[in-house]
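The structure appears below as C-alpha cells.
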C-alpha cells in the first residue's frame, strides 16, 4: 500500500505516515472528547473507559512513532491504534447501529457514522503504523 501511494504522490514513507497519523490523531482527539463528556454526564461505563484509554494510547503510539520514542513503540504497542480502530468500527459502530433499531435519535445516528468513519481511518493509520514501525526496526 505504501509503495503504490508513493508512486502516485512521489512522497516518502515518513511523509505518508505523518499525514495518516495526523488525520487519525484529530479523530482520536474527538473520540477522547466524546469519552470525557460521556463520563462526566453518564458516569463510569465500560464503553466510555475503553474509548478514553484507547484514544490516549493510540495518540501516544502514533505521535511517538513520528517523534522519538521509536524503539519503545515499535513492537507490540504499534498494534494499539489498529486494534482500537477495529474496536471503534465493529463494536461501537455496529453496536450503536443495532441500538438504532430500538430507538432512533439523530445523536445516535451521528455517533454511528462517526464511529464507522473514525474506526476506518484509525485502523488504516494503525495498520500503516505497524508497517512503519517494522521498517524502522529493520533500518536500525
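Just so it is clear, glycine is given a Cβ too, placed from its N, Cα and C backbone atoms.
Listed in TrEMBL for this protein:
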TRANSMEM  20-41  transmembrane segment
TRANSMEM  47-65  transmembrane segment
TRANSMEM  72-90  transmembrane segment
TRANSMEM  110-133  transmembrane segment
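Sequence-distant contacts of the transmembrane segment (110-133), counting only residues of its own chain at least 6 positions beyond either end whose CB sits under 8 Å from a CB of the stretch, comprise 1-2, 13-14, 16-17, 20-21, 23-24, 27-28, 30-31, 34, 58, 61-62, 65, 70, 73-75, 78-90, 92-93, 96-97, 100. Packing against the transmembrane segment (20-41) from elsewhere in the chain are residues 48-49, 51-52, 54-56, 58-59, 62-63, 65-66, 81, 85, 88, 111, 114, 117-118, 121-122, 124-126, 128-129: each is 6 or more residues past its ends and has a CB under 8 Å from a CB in it.
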